[in-house]
Amino acid sequence: MPSFLRRFFPSVYRKQQEEATTNQYCQYDSVTLTLFTSSLYLAALISSLVASTVTRRFGRRLSMLFGGILFCAGALINGFAKHVWMLIVGRILLGFGIGFANQSVPLYLSEMAPYKYRGSLNIGFQLSITIGILVAEVLNYFFAKIKGGWGWRLSLGGAVVPALIITLGSLVLPDTPNSMIDRGLHDEAKTKLRRIRGVEDVSQEFDDLVAASKESQSIEDPWRNLLRRKYRPHLTMAIMIPFFQQLTGINVIMFYAPVLFNTIGFTTDASLMSAVVTGSVNVAATLVSIYGVDKWGRRFLFIEGGTQMLICQAVVAACIGAKFGVDGTPGELPKWYAIVVVTFICIYVAGFAWSWGPLGWLVPSEIFPLEIRSAAQSITVSVNMIFTFIIAQVFLMMLCHLKFGLFLFFAFFVVVMSIFIYIFLPETKGIPIEEMGQVWRSHWYWSRFVEDGEYGNAVEMGKSSNQGTKNV
């Protein structure tokens, strides 16, 4: 919003107001502006490491509560900001809140969901994010029209509403049976499991959870344990999946959609409206993922989404390159050109929203055994935030220097990640979370790291006891 830029980022505002003959690629290249945007992700990275210990020792619910409280504080400071430093402090507090929420919510959903519906329910996490993005974009569109130029305060301060929802929600939600067993509350956990599953006989699942918990309790240092050979596949996925998720280029589109559309010749109003369109596509495509993830499988969605994103990035790069060239002076932009660019950006967003978007959180959260789950989820969140921070920090600079080649840069990584998924990720559809070890043991490559009988002993023993051998 011009009033926001004028108040906090005057140098960017001046560039924006200059004649359209100036280099459009570089009009938003500002270190302070990118620091404001990306400080949130650095804070989320730091807090996710602390959140791992809180989530493991005190339960998933408390971690969500902390996240909500920190988010409330950050939203209020941003809404009442008078100086740039207040904006950055507010963003850092929002980042701390996100670190706690991203650590606990995917684990909570994976542990509470029946395995048949785990994929769909976990993607509810991503669906909520996409709905939040869409609501924010719609509100921004209307707030930008408020006379007096103070609409940005509502845009930033309005984050207190979802923050209050997660804060109050964490007070009424039950904790997960896995977490309760981990803290020695076996009777309460069994009662809670009966209530969640809606059946009286939960003894087999309960015994599996207890056995997995006993194995996890025997691990003194889950961080060091992660480095053991048998957890090599888990560690690889915990690092590579969030790394690749950020290098799809989606954050470039979603964070900077108004900036990007403004750069390619839309007015401020039109660019905000175009961001609403991409947000709507994001929500609709996430619903497709909820429908298909437990039907078509994780691998299919990953590979199909990657192919779709690759084609769209090539087309958008060609369109922007043809009109803007290397000097960033497009002249008059015809209407059909803007429609083509927005259409292919929407198809790209759809490809991400039913593949790497939700699956980037779902797959890591469901493959970790209990003894390393909190630590491994912390690594997933940390890697995600490191690369979100780096990309948010350098994107506007890269746009200025790489120009339309920026889209080809991300297209290259989409090719690499699709090949990685095809070769190294086994299908996890329909497999109970406590029995995930069999997936790695039967994989052509990972089986050399995970020997028979080495992974999931406690679960196997628990299962054999249910069959009458009474080993446990």
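FYI, residue positions are counted from 1 along the chain as it appears here.
Backbone N, Cα and C atoms are what each Cβ position is placed from, and that goes for glycine too.
No curator has checked TrEMBL annotations; they are predicted automatically.
Copied from TrEMBL, the annotated features are:
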DOMAIN    1-429  domain 'Major facilitator superfamily (MFS) profile'
TRANSMEM  31-50  transmembrane segment
TRANSMEM  62-81  transmembrane segment
TRANSMEM  87-109  transmembrane segment
TRANSMEM  121-144  transmembrane segment
TRANSMEM  150-173  transmembrane segment
TRANSMEM  235-259  transmembrane segment
TRANSMEM  271-293  transmembrane segment
TRANSMEM  300-324  transmembrane segment
TRANSMEM  336-363  transmembrane segment
TRANSMEM  375-398  transmembrane segment
TRANSMEM  404-425  transmembrane segment
Whole-number mean pLDDT, the domain 'Major facilitator superfamily (MFS) profile' (1-429), equals 84
Residues sitting near the transmembrane segment (404-425): Cβ under 8 Å, six or more positions beyond its termini, same chain?
-> 236-237, 240, 244, 247-249, 252, 298-299, 302-303, 306-307, 309-310, 313-314, 316-318, 320-321, 324, 356, 363, 395, 398, 445-446
If you count Cβ pairs under 8 Å, which stretch among 31-50, 62-81, 121-144, 150-173 touches the transmembrane segment (87-109) the most?
-> 62-81
Checking 31-50, 121-144, 150-173, 271-293, 336-363 against the transmembrane segment (375-398) for Cβ pairs under 8 Å, the most are found for 31-50
Can you tell me which of 31-50, 121-144, 150-173, 271-293, 336-363 gets the most C-beta pairs within less than 8 Å of the transmembrane segment (62-81)?
-> 150-173
